[in-house]
Amino acid sequence: MTLQINAAFDGGNIHVVEQDGNRIYLEIIKDNQSDFFQWFYFKVTGAKDQALELVVTNASDSAYPAGWPDYQARVSEDRQDWQMTETDYRDGMLTIRYTPRSNIAYFAYFAPYSMERHHDLIARMAGKSGVGYEMLGKSLDGQSMDCLTMGEGRRSIWLIARQHPGETMAEWWMEGALERLTDENDSVARLLRQKARFHIMPNMNPDGSCRGHLRTNACGANLNREWAEPTAERSPEVLDVRNHMDKTGVDFVMDVHGDEAIPHVFLAGFEGIPDLDKAQDKLFRRYRNKLAKYTPDFQRHYGYENDEPGQANLALATNQLAYRYKAVSMTLEMPFKDHDDMPDLKKGWSPERSKQLGRDCLAILAEMIDQLPISGKDLA
């Protein structure tokens, strides 16, 4: 059987440059109409028991070259169990080594979350008691912008994920959060649904997800730089969601992401927005502190530098939503690399840990739910 490489499937991304026996030289393809690239996902067939060397030759030109040192690629032979494999970054090239036990092996930047799995998730959750579904609009490629709703309370809670499609851990987080929220035997879920109304977007960027992009939608727009002035022509995904937020109000919002370079889980807030409300900021810090005490997978030491007062970029979701609605707003970041605080030499940061973090984040939200504002009022 001849060794072949293919990425012509949902979320796939790779270009074969040259093959020299079991050493294959590859390039990651740029996002459409963009210079961003780092996400890869492809399959190798016909290489059973062969020691593969897969060399990504353009790694140094990727969006975040600091993401490659100490990184290990993910591999699976059944597309269910994803493990890390020997990977090194040297002279601007990323080399992945693996010996398949069967004739099919899949390699990815992180465990993929396919659009088929997304549709399965939406259908499974929409069929549960008390869960509603709304299509808030369509993407540039015509895909539905899927929103799940639940809860009877007055506080408006928004959870959004995967503005950057290559950050697949964000939708794994969503799967864990949704499974907990819809568990009728879970007291945390019951409390939250009693006290709040949830609006949940598991995938903000379906086009980029399907196309195998790292950070952009179909036309090359970075959705997390579109929240100040979204347009139907460039970023309908953001425009439709923000328009709906204008109708529902936003009291608490978490925007879920992955970070290429920082091997930790952390939160970023909105301290640089104009006219920062100290009580609003205090609630964010309280949430962050409680989460750090609750799970060893979260920490407060590593993360992004704070914006100077009044200097926040209001094109980012967290800043815009905190400013626009006086919401307790935050960005959650998870690593592509292994997790330095609690390393796992076999899987690294994984879908399973992402899902568990989704459950844990809800536990802290339940602790604080009575302290949150209602429609931007009553900050305490």
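Count begins at 1; order follows the chain as displayed.
The backbone N, Cα and C atoms fix where each Cβ goes, glycine too.
Summarising the annotation, Swiss-Prot assigns domain 'Peptidase M14' to 111-369. As annotated by Swiss-Prot, Zn(2+) binding site applies to H164, E167, H257, with the evidence given as sequence analysis. Look at Swiss-Prot and you will find E333 tagged as active site, proton donor/acceptor.
Positions of Swiss-Prot features highlighted on the structure.
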residue : record                             : Cβ neighbours (10 Å)
H164    : Zn(2+) binding site                : 27
E167    : Zn(2+) binding site                : 28
H257    : Zn(2+) binding site                : 21
E333    : active site, proton donor/acceptor : 22
Once the DSSP letters are reduced so that anything not helix or strand counts as coil, what is H257 (Zn(2+) binding site)? strand
How long is the line from the C-alpha of E167 (Zn(2+) binding site) to the C-alpha of E333 (active site, proton donor/acceptor), rounded to the nearest angstrom? 10
Expressed to the nearest Å, what is the distance separating H257 (Zn(2+) binding site) and the residue listed as 'active site, proton donor/acceptor' at their Cα atoms? 5
Could you tell me the C-alpha distance between H164 (Zn(2+) binding site) and E333 (active site, proton donor/acceptor) in angstrom, no decimals? 12
Under DSSP, is E167 (Zn(2+) binding site) part of a helix or a strand, or is it coil? coil
For the Zn(2+) site given as H164, E167, H257, which other residues of the same chain have their Cβ within 8 Å of the site's Cβ centre? A161, R162, Q163, P165, G166, A170, R215, N224, V256, G258, D259, E333
